[in-house]
């Protein structure tokens, strides 16, 4: 029989273990399943059942600090940062290590959820790996930092050897070779991320004859991400790349190789219709960018004659 002090201590131990309800800031807003709130309610039910049955084994559970190769949509796992490459003034390509020769069970275009903590506040955001689906021993993520962003503060604190926690994968677009005649990829800024592994999976597969038209929207020429990669991809017989720069106004300032495939301003209805019309086969469009960009592109694609089942919004 436990005395009153032992009962109080036992009660305190259970209360300390009780799952904490997430704050709104901890939801990335990407429609993930399970969401952080789904996990909370699941963990709360498990805690209540364990407490009712006095199953003290729950008290000894500890989060893994290892660097595993298998992802979990429900549990955050630790991955060590092996390199941080600054691409532009505010955007980084971060490489995370996997055990030697290990690969992720991640399909091209799927995203992960990153957990961070700033000033005691836990936050979560969605990011899409840009590394090839068959990459061994690592995965890479493109991350843009904003002056007032909480996750940006967390990311800027990273360095080689640091550890970050991820869960996933999420996303319901699954590309299959030769599934579409042509993919029309419309990407704004870091919205380029899901396009990269999908494009690479096509050019890596000699039997995939899908045409690709990729349109990248950026503020300036210097702000274009992954220029070398995009130039290499554009050399394939079935790939075209175009760029729309909103804060440039002179072709003479661009390298010769970019002048014929770059226009200025914003990606709007007229250009969308021209792009759809220039596709070599009936296109299926992929769109990724800000909420405003995605909404505008969906409207433009419908006006250009594409049905709702002929595009996917990341």
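Placement of Cβ uses the backbone N, Cα and C atoms for every residue, glycine included.
Here's what TrEMBL has on this protein:
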BINDING   125, 127, 142, 144, 151, 152  FAD binding site
DOMAIN    74-176  domain 'FAD-binding FR-type'
**Item:** the domain 'FAD-binding FR-type' (74-176): DSSP-derived helix, strand, coil residue counts
**Value:** 7 helix, 48 strand, 48 coil
**Message:** Rank the binding-site residues 125, 142, 144 by how many other Cβ atoms lie within 10 Å of each Cβ and give me the one with the fewest.
**Reply:** 144
**Item:** Extent of the FAD binding site in Å [max Cα distance among 125, 127, 142, 144, 151, 152]
**Value:** 13
**Request:** Would you count the other C-beta atoms found within 10 angstroms of the C-beta of residue 151 (FAD binding site) for me?
**Result:** 20
**Asked** Once the chains shown are all counted, how many other Cβ atoms turn up within 10 Å of the Cβ of residue 152 (FAD binding site)?
**Response** 19
**Other CB atoms, at most 10 A from the CB of residue 127 (FAD binding site)** = 22
**Other same-chain residues whose Cβ falls within 8 Å of the Cβ centroid of 125, 127, 142, 144, 151, 152, the recorded FAD site, in sequence order** = 114, 141, 143, 145, 149, 155, 190
